[in-house]
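**Q** Below you will find the structure I want to go over with you.
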Amino acid sequence: MREECGVVGVVQFDEEPHPVPSALRIYYALYALQHRGQESAGVTVHDGKEPHTLKGMGLVPEVFNKDELVALKGDVGIGHVRYSTCGDSRIENCQPFIVKYKSGNVALAHNGNLVNGYELREQLEAEGHVFVANSDTEVIAHLLVKELLKYDPVEAMRNVIKQLNGSYSLAIMIDDMLMAVRDPLGFKPLCFGTIDSGYVVASESVAIDTLNGKLLRDVNPGELIIFRDGEVESYQLFQEKYCAHCVFEYVYFARPDSIIDGQLVYKVREKIGERLAREHPVSGDMVSPVPDSGITSAIGYAKESKINYEEGLMKNRYIGRTFILPGQAMRETAVRLKMNTIGQNIKGKKVVLIDDSIVRGTTSRRIIDMVRNAGATEVHARIGSPPIIAPCYLGIDMASRDELIAAHKSIQGVEAMINADSLGYLSIDGLVESIGIDRDNLCVGCLTGAYPVDIPGESLCQRKQLKLNEF
Ligand code: AMP
């Protein structure tokens, strides 16, 4: 199961009662992370004696109501939003996960994907552990509980990390103690900051901004942070020579107003657009983004190419979940429900259309057809990422290799399939330089098929499975 998720943790110290309860703060933070997962949401807070959880399927406003949230007592808590198209979409898979054990409770919220989750689960099941869901997160929770029976939280976490292969950014509560952990290669983002009465840890800094907090820094790859007695304790458990930050966070996934591993996503996307204009210039009358994902790169492209930025498409931001009846007419309605053309802006123009990525190619095809039908004389597609040629095993729900259009077709083949007059993808160097992080410290598995860790069934490895260097 591949998961795209957002995690958050909040702890408030000192004066009681706090003006804004922790459960509410987590709820606001989850709102800021809603783009990371729309399938389910959950909050767990600990009142000093036991954990209390609210979780359910749907968007944040669908899952929580004010009275129930305010009734969730406790100064410390974690939250989660989840999206998964593969695997089961069941309430059992909603997070946070809670595992009760001899000495208390462990609650866990996870963003990422384990490559060896299945094997670990089989081992644990053979030892008598009982699982209620089918996600990796529960595996991590059971491993942690097992270690906690023998070791203190720091040593327990070190022993858990030794067993995991894959990506994981975690917000954890061991009873009422909040911890944050990022895998030793730092695939998925995780950062923390202060709020007036305590600390917040979150997948993206926008969640900290939303709480009117101050971003302190990213959690380092291989670092465990414990928020205890009003202090931040840092344990650098593992230190690898390289990291493997996910490039797709910058391309598409993260919000542009987030700062991830020191880079403002907006700036990265603007540079992507500028670079794209240099790599693939074209004569056009207007540069239009595919909203919302192409907006920032389109601004960069327009700036660099000196072609007018003008919106040719408008997205319905309130679409949420819609039921669509079968049939071609309804499919057309479904597309128009999500996106409409601004005919007067497009008619008679050569349109340079900017989007962040092409995965299956179906969206691009539909949109380009819409722009043509609205009267564009030419449509030139410019894409703010290199061709996606291989699946992601590390936490982005991309598509299988069969479905990835660039895995099977040449650029000319994709150009024909999406019905563009021309198509230009950003180069890998262009992307890496726009991100501003050395290529050795990025995961570009989906662009090259060479992954930073061993993936069963995949032959290429960017560098051999890194030996975990204890620190
Ligand atoms: P398609 O080529 O039809 O699969 O759709 C590509 C579009 O989907 C791009 O314009 C992206 O904005 C968006 N997209 C890319 N990756 C993802 C993802 N992992 N989850 C959801 N949407 C995505």
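Using the three backbone atoms N, Cα and C, a Cβ is placed for every residue, glycine included.
The following feature annotations were taken from TrEMBL:
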type	residues	note
ACT_SITE	Cys5	active site, nucleophile
BINDING	Cys246, Cys392, Cys443, Cys446	[4Fe-4S] cluster binding site
BINDING	Ser293, Asp355, Asp356	Mg(2+) binding site
DOMAIN	5-230	domain 'Glutamine amidotransferase type-2'
**Q** Do me a favour and check the Cα-Cα span between Cys5 (active site, nucleophile) and Cys246 ([4Fe-4S] cluster binding site); whole Å is fine.
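**A** If we compare the Cα positions of Cys5 (active site, nucleophile) and Cys246 ([4Fe-4S] cluster binding site), the gap is 14 Å.
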**Q** If the [4Fe-4S] cluster site is taken as the center of the Cβ atoms of Cys246, Cys392, Cys443, Cys446, which further residues of that chain fall within 8 Å of it by their Cβ?
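**A** Going along the sequence, the neighbours come out as Phe187, Val247, Phe248, Leu394, Gly395, Ile396, Met398, Val444, Gly445.
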**Q** Hey, how far is Cys446 ([4Fe-4S] cluster binding site) from Asp356 (Mg(2+) binding site), Cα to Cα, in Å?
**A** 14
**Q** Whose Cβ lies within 8 Å of the mean position of the Cβ atoms of Ser293, Asp355, Asp356, the Mg(2+) site, other than those residues?
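**A** Everything else in range on the chain: Val251, Tyr252, Pro289, Val290, Gly294, Ser297, Ile354, Ser357, Ile383, Gly384.
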**Q** Anything from the binding-site residues Ser293, Cys443, Cys446 with its Cβ under 6 A from ligand 1? List those in sequence order.
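**A** Only Ser293 meet the Cβ criterion.
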**Q** On the three-state reduction of DSSP, what should I expect for Cys446 ([4Fe-4S] cluster binding site)?
**A** helix
**Q** Would you count the other CB atoms within 10 A of the CB of Cys446 ([4Fe-4S] cluster binding site), including those on all shown protein chains?
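**A** Taking all protein chains shown, Cys446 ([4Fe-4S] cluster binding site) has 29 Cβ neighbours within 10 Å.
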**Q** For Asp356 (Mg(2+) binding site), what residues in its own chain, 6 or more apart in sequence, show a Cβ-Cβ distance under 8 Å?
**A** Val251, Tyr252, Arg269, Val290, Ser293, Gly294, Ser297, Ile383, Gly384, Ser385
**Q** Round to a whole number and give the Cα-to-Cα distance in Å for the pair Cys246 ([4Fe-4S] cluster binding site) and Asp355 (Mg(2+) binding site).
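**A** Approximately 19 Å lies between the Cα of Cys246 ([4Fe-4S] cluster binding site) and that of Asp355 (Mg(2+) binding site).
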**Q** Other than its own, how many Cβ atoms are within 10 Å of the Cβ belonging to Cys443 ([4Fe-4S] cluster binding site)?
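**A** There are 28 of them.
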**Q** Reduced to three states, what secondary structure does DSSP give Cys392 ([4Fe-4S] cluster binding site)?
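**A** Note: Cys392 ([4Fe-4S] cluster binding site) is coil by DSSP, not helix or strand.
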